[in-house]
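Q: Here it is, the structure, as structure tokens.
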Amino acid sequence: MSVPLLKIGVVLSTMAMITNWMSQTLPSLVGLNTTKLTAASGGTLDRSTGVLPTNPEESWQVYSSAQDSEGRCICTVVAPQQTMCSRDARTKQLRQLLEKVQNMSQSIEVLDRRTQRDLQYVEKMENQMKGLESKFKQVEESHKQHLARQFKAIKTKMDELRPLIPVLEEYKADAKLVLQFKEEVQNLTSVLNELQEEIGAYDYDELQSRVSNLEERLRACMQKLACGKLTGISDPVTIKTSGSRFGSWMTDPLAPEGDNRVWYMDGYHNNRFVREYKSMIDFMNTDNFTSHRLPHPWSGTGQVVYNGSIYFNKFQSHIIIRFDLKTELILKTRSLDYAGYNNMYHYAWGGHSDIDLMVDENGLWAVYATNQNAGNIVISKLDPNTLQILQTWNTSYPKRSAGEAFIICGTLYVTNGYSGGTKVHYAYQTNASTYEYIDIPFQNKYSHISMLDYNPKDRALYAWNNGHQTLYNVTLFHVIRSDEL
């Protein structure tokens, strides 16, 4: 179910992005909100009124786009008489503006190709589902005893896939909307080409403002696709088997392009040596590493590497240290007031795991417990430079009952255990200060998880499971509302 659910998220995000852009931004880009719509045949479309300039000789007229009977976007432009030199500074600026619109048109081309590719996947899935349904009917009609197991498996699969059918039908319609969206952008580019030699100085500033606004909206929409609600976790991929039963390993989500170093910390206390591997391949296949000596031993397995620094909890204290891995100097030290330490409020597996540092799309976090919150989990957003607490949330979930925890897009997810059968069953949303109980299966392959952290760059969970370093892919469900753009 992980792949279909991801596709559903893409469906909803694409539909909302296109709907909002088509309904709000594109009409306003050419300066028309309530203008006359002129059809290709020369007739006038319903639900429109004409707005003419007070002085047609000194301004230009643009009639808003409309769709003809074939769904194409029609846009009418009436340019004023040319009163300025075609090679003046305004024309040059307009040409630059046109180039911006053409760049956005290229972005739409990419979106269109991706949508067409996903549509092919949808059609393929639809055929597979129809095949399953046909097979299911054959099994259902047959009452032979030896087909009972096959019947049960197929029925379960059909029950899982049946709710996706109406969604897939909607996705087909969305693909058509992307094509219309692409045509309208091309039409707008054509209009600007015609105006490039004729437009005067009166409307340039307004056009530039509207194109900039469009560019910001598209960028904001793409950024929103980075976050979502956790709906599934894949089976683990074992990267390496090394070290003791407990430890942590990670990569830097803010590392520059080409920096694929892996950081490795064996044990949960009384150790201060961090291994640096040049790449994931080196980590998997060799024992060639560089060793860094920390100024103090760490406590627990809640360390993170973020933007070139390692953040860790000093052993037997509630002190957090930021240590620069390049200069090997302490950049900042701060006490996490009232936080339990030295196995006072650890995770269910113990191991001095009182303070767990995490990173996600929003930055650096600390998860711990206090006496003031009755030993329940406390979430604090930290400034990565000063380690100052920016905001704190008190939950009602006992930290000693949590197997492990991780944060994705500002939501804390907690597992119900660390050994044997495990699942993610509690989520606290910091953006709304609300929680819910969930049921997301989580395969605990080696029966003892002592570290579980999310990397927003890789969109993966890094885990240390009984001396095995493993990775899990996650499935996020994206919802973009038009009023958020």
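Even glycines carry a Cβ here, placed using N, Cα and C.
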Q: What residue among Cys73, Cys409 is stated in TrEMBL to be the disulfide partner of Cys227?
A: Cys409
Q: Of 178-224, 319-365, which span is tagged coiled coil by TrEMBL?
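A: Going through 178-224, 319-365 one by one, TrEMBL gives coiled coil for 178-224.
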Q: Name the residue range among 38-93, 94-149 that TrEMBL annotates as coiled coil.
A: 94-149
Q: Is it possible to get the count of other C-beta atoms within 10 angstroms of the C-beta of Cys227 (disulfide bond)?
A: 19
Q: Would you mind checking how many other C-beta atoms are within 10 angstroms of the C-beta on Cys409 (disulfide bond)?
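A: The Cβ of Cys409 (disulfide bond) has 19 Cβ neighbours within 10 Å.
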